[in-house]
Structure formats: structure tokens, C-alpha cells
Amino acid sequence: MIYQSPTIQVELLEDNIAKLCFNAPGSVNKFDRETLASLDAALDSIKQDSNIKALVLTSSKDTFIVGADITEFLGLFAQDDAVLLSWVEQANAVFNKLEDLPFPTASAIKGFALGGGCETILATDFRIADTTAKIGLPETKLGIIPGFGGTVRLPRVIGADNALEWITTGKDQRAEDALKVGAVDSVVAPQALEAAAIQMLKDAVAEKLDWQARRNRKLSALTLPKLEAMMSFTTAKGMVFAVAGKHYPAPMAAVSVIEQASTKGRAEALQIEHQAFIKLAKTDVAKALIGIFLNDQFVKGKAKKAGKLAKEVNNAAVLGAGIMGGGIAYQSASKGTPIVMKDIAQPALDLGLNEAAKLLSAQVARGRSTPEKMAKVLNNITPSLDYAAIKHSDVVVEAVVEHPKIKAQVLAEVEGYVSEDAIIASNTSTISINLLAKSMKKPERFCGMHFFNPVHKMPLVEVIRGEHSSEETIASVVAYASKMGKTPIVVNDCPGFFVNRVLFPYFAGFNGLLAEGGDFAAIDKVMEKQFGWPMGPAYLLDVVGLDTGHHAQAVMAEGFPDRMGKSGTDAIDVMFENKRLGQKNGKGFYVYSVDSRGKPKKDVDPTSYGLLKDAFGELKAFEADDIIARTMIPMIIETVRCLEEGIVASPAEADMGLVYGLGFPPFRGGVFRYLDTMGVANFVALADKYAHLGGLYQVTDAMRTLAANNGSYYQA
């Protein structure tokens, strides 16, 4: 053994080829500080052994290296620039040491080689992947750029255009695609991987392959004619900005770094990367996006833990077909859990099956599935008009019409057809789980399971704990949601649960602006372009449906009359009473049609303005800051109330619920990250300016205390 540490082992193989194996404790290899220090020490040991003629890098895991240890990032990025620069330079010195070894090097890549893992393989002369490999630099998704030489080496290996696409999108690349652009030299079967890498090194040692020429190319400036370079980078800037926009600076910074470094050798090029990396690491956007990544890991970790208490779900059922039932059936079946789709009407079953078939056909058309897989998934969906079909179901999801009496009747019926230990969940967005539980003989095996529409696109599922729901029930539904590919958050029962409870105060702020003559299209523009929502409040209400919004608003008003009760008519009432239901009937705040390419199109409709003018008078302009404050303050305070009341368990789960359930702008990180970034005291001062607008603008006592103590919701 040449070198051994808890994360890396180096041994000498036949023909004096050294093998460096990444073997960290745990299921995957990460590039944390310990691994980086071990790699540095291992390379020193390798350099001192004069017998070594070549080096192969391998992994003992199913993956090569999944990337840096992101849990270290927020603490590290909070350090002074000088400390951060020192860390980046030390890390890069290790990668340079690997690249500068006096003999050929190769990486044998299986599974993921992402971020720092990808930058490791780029520092070797040859890269051999097996068919399971996925390679990429996802750093721009975290609001930063590669910091271990990725922006320098990748363009010199695969060309500027390809590197720009890889880095600015942050997408993983399959082994075959990596081979096409020259990121890897060969793709082999998993069992042949190490032998293929070693053979390539033998050929290099025997001078059949020119490893030094390959290395020199990475150490030099990019060989790109001036005009071609100018066109390439100008085009990239336009395309990247069109996708990333002004709120996500990292992709544009990556283009700029690659352009500036293109005429430099390695040392100068790395310095350009370092400076840009440090600048981005200090941004609020990086903190927000890294926070989302960590919150996602936290929520998934809780779901994994819940799996230990969960009843195994091998068969499921959904009651109520149609679009929602079909979406749930598709999601369950496509992730491997057979499901019965039960309804009382054949046309509804047909609609549900057609919905599943449509979603599967779209997957096949995009090349993400095959007709054989589609057939297998459809065979996992059993339509039935008879309750007898659900008797072996481990979990039954009730998804009938959103009406308390109908749901209660169906829930009482279904209990008589399933096993004693079957779990029943209601897919409801507004009806109290405790109320519905009254119709159950065994309320302990009942909870809420709120899917968001469209089911196949929306990643969030709210699992609602009733006062009688058992831990096994909650754990089982959380585990089933995870198995379906969803991100579950557990919330306690209250009107609107978590997501709708915090959404409707936002709509109330919007209604307040319109009642004073606000222009709904102007408000949407501010909330989309400046705050960063995917849809402004008027557009979102049209998508949700004004009938749905009208009903949910009434539920919220009844549940929280002191804050959400309303006197008189508001804009939602105006649209609903005039049968303007939104996208579903082609007219709401906006009017909807189909363009010449068959794509849905929305336009401002003078009729909407006329109706609102009749109700609220002439239009009045509001400043952008005023629009943002009046819509967001109620949502933020209600989110804080949910945390304080224990409706949601943590800031992390609340923020994930907002990002995944409502499309809260990821670059802001969620309400609690937004509050920490703004400063709780600054938010309290802002909210107090609007306190005269009513109960939704009243800051809680606990918030005031936190503000007075200069506290924050996250510890990092």
C-alpha cells in the first residue's frame, strides 16, 4: 500500500501502474475538506515513489464522486474573501499537482462524476467511462461557477461551445453524449472499466498514445481564431441571458470567465476563475440556491427516516378518476407501484386512462421512454367501477370532488372494502382532515395527501396529519409519496393546510391593490419581472381557476375571520360572478386562445378592466416596491405564523413547500431565507408601515422579539 486514509487508498498494480481509489465512509464519495487533504497527501506519496509509471483513479462505490460537500459551503462562503481565496487556491494546487504528475494518468468513471468529481477527471490525461456514467458541472444551479478548474479545463478538452453549454445549463451528460464531444475517450461495459483504463495507460507508457500533447493542450490558451471566438461568446451571452435572466448571474459569469480565460495559460486562467467564484459565492442568490439544495436534502432525509416506520406499499388505489385521478395513477404506476383507479362512471375512468396514456405518449415522443415501457406502466393501472378491486390495496387515495359530504360518504364506504391495516388518504386542498376523520371508524389510519396540479409536474405533496393520524400512517404516506418521485412535507391540519393558507393572504394583498384601482396586468408584470414569480397573482388565479379560488377564499375566511374575513366584493368575486373562471373557460382576468402554432396564448381583455372599473373605480398606478410589499407581507407573516403554530415543522420544510408548491422564486430561497437576507428587523419595520391595512399586515410578537435580538431563522 502506497498510501491509506479513511477516504483514499493507493496501491501499486502490475506494470508499476498505481491505483488511487476514492473510498469514503458512507454510500458516496464527496469532495469535502478531508478528501481534498487526503488527495494532496496521496499525490505526494505517489510523486515520491520512483517506480510508478502511470496512475489510474477509481472509486469503490457505485459512483465516482458526486461533487463537493455542499454542507460545507454556507459556512465557508461566509468567510472573508482572503480566507475563501486561500481555500480555492489550495484546492486548485492539489488538482494542478494531479495534472502535473510526470507520467500518464487516467480516470475510470462509473456512476456520477459531478462538480469536483468532474473537475478531478478533467485533471487526468485520459477518461474512460462505463455505460452507467453521468458527467457534469452543476455549479451554476447553485448560483456559483466551477471553482476547481472546470471553466479552464473543460473548454480545452471539448471546445468552447460545448463547454459553454455544459457549464451554463449545469446538466448531467450521459456517457455516450460525453464521448461524442470528447469529454471521455471510451465507453465500456461496467465489468470492463478498470481493465480498459489500465490498457489505455499501458499504451500511453509505450508511447502509442501521446499523453503529453493532451496535457499541453489543457495548460495552454484556447486555440480559437479571434473572429470565431467573438461570434461564439457573443452568441452564448445572448442565449444564456435569454434563459437565465437577470436574477441568476452565475451562467452569464461562466460565459465571461471562459471568454476572459480563453487567451491565457492555466495559471492566469485559474486566477480569473478564482475571482469570479469568490464574487458569486458571496451573493444572496448563491446562499438561496445552496440553501434550497440543503433544504431538499433535509426534507428527503426526513422522508427516508420515515420509511423505517412505514408500512410497505406494494399496491395502491385512487378513488375518483378524471384528470387528477389519472395523474395520480400515472405517477404511481410509472414509479413502479401498481394502482387501481376506481370511479362510479365509465367516462371518468376513460378520461383518467386517457390522461395517463397522454402523459406516457409525451414521454415516448421526447425519447424519455419506449412503447414497451409505456405498455408496462399502463398495465400497472387497473380501471374499475367496483370497490372489490381495491381490497388488496395498501394505500387508498381518495380524490373525488372537493365537497365535504361527498368525501365523507366515500371515505366511510371505502373502509368496508379494504383490509384492517390499509391506509386511507384524502387528496383535498381545503377540507379539514379532522372533519373528514369523523366519518371514519379508524381515524388513526387516515390522513391528508394533497397533490398539486398538474400532478406529473408539481414536485410537492403535502401530507396532512390529523389529530388521530398514527405515526405509521404518516410515515407510510410520506414513504409512498417519495416512492412516487415526489417531495413530501408533513403539515398539521388547519384551514388551507400550509400552502393554501399562505397563498391566500398573498391574493388578499392583490385584491386590496385592485380595490384601490390597481392594474392587474401591471401588478403581474412587477411580481414576475422584478420579484421573480413564474406567474403574477392575476395569471395564477386564472390558472388555478376563479371558481376554485372563490371557494378556497371562503374556506380561509371562515377559518381565519380576524385576518382573512372580508367585507364587500373583491376582484375574485367580480370575476367569479361574471363567469370568468380563468383558463378553464378561456376568460378570467385575461382572455385565452390558441396561437397559429397551437400553443396557448393569453391577452389582456378590456372586458376585465371594465368589470373592475365598475366595481372599484378608475385605474391608479402603484410603485413597484409598494406592489411587492402589499402582496408579499401578508404571505410572509402567515408563513411565520404557520411555523410558530407548528403547522409546519421547520423553516427548511416551509421554504421547500413554497418553492416546490407555489413556485416561490428559487433565487430568493423561500420566505425564511428571504427574511434572513433582508434582515428580520428590516422586514418588521417595513410591515409596520403597512399595518394600517389590517390583520394580515400585523407582525407577530415572536417576530418582533427575533428582530430585537438581531436573530435569524436559519443558523447558517
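Glycine too: its Cβ is placed from the backbone N, Cα and C atoms.
Database features, via Swiss-Prot:
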- His450: active site, for 3-hydroxyacyl-CoA dehydrogenase activity (ACT_SITE)
- Asp296, Asn500, Tyr660: substrate binding site (BINDING)
- Met324, Asp343, Val400, Val401, Glu402, Lys407, Ser429, Asn453: NAD(+) binding site (BINDING)
- 1-189: region 'Enoyl-CoA hydratase/isomerase' (REGION)
- 311-716: region '3-hydroxyacyl-CoA dehydrogenase' (REGION)
- Glu119: site 'Important for catalytic activity' (SITE)
- Glu139: site 'Important for catalytic activity' (SITE)
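Sequence features, as recorded in Swiss-Prot, placed on the structure.
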residue	record	Cβ contacts under 8 Å, 6 or more apart
Glu139	site 'Important for catalytic activity'	Gly115, Ile145, Pro146, Gly147, Gly150, Ile167, Gly170, Ala250
Asp296	substrate binding site	Thr487, Met656
Asp343	NAD(+) binding site	Leu319, Gly320, Ala321, Gly322, Gly325, Leu349, Gly352, Pro383, Leu385
Val401	NAD(+) binding site	Gly320, Lys407
Ser429	NAD(+) binding site	Glu402, His450, Gly496, Phe497, Asn500, Thr548, Ala552
Asn453	NAD(+) binding site	Ile323, Met324, Gly327
Tyr660	substrate binding site	Met458, Pro459, Leu460, Thr487
Under a three-state reading of DSSP, tell me whether Asp343 (NAD(+) binding site) is helix, strand or coil. coil
Counting other Cβ atoms within 10 Å, pick out the least crowded of the recorded positions Glu119, Glu402. Glu402
Mean pLDDT for the region '3-hydroxyacyl-CoA dehydrogenase' (311-716), rounded to an integer? 95
What are the non-local neighbours of Val400 (NAD(+) binding site), defined as same-chain residues 6+ apart in sequence with CB under 8 A from its CB? Leu319, Gly320, Ile406, Lys407, Val410
Let me check the 10 A CB neighbour count of the residue listed as 'active site, for 3-hydroxyacyl-CoA dehydrogenase activity'. How many other CB atoms are there? 23
Other CB atoms within 10 A, centred on Lys407 (NAD(+) binding site): 23
Should Glu139 (site 'Important for catalytic activity') be counted as helix, strand, or coil on the basis of DSSP? helix
Give me the largest Cα to Cα distance among Asp296, Asn500, Tyr660, the residues the record lists as binding substrate, in Å as a whole number. 20
Any idea of the Cα spread of the NAD(+) site, Met324, Asp343, Val400, Val401, Glu402, Lys407, Ser429, Asn453, as a max distance in Å? 20
What does DSSP call His450 (active site, for 3-hydroxyacyl-CoA dehydrogenase activity) in the simple three-state scheme? strand
By a three-class reduction of DSSP, Val401 (NAD(+) binding site) is assigned coil
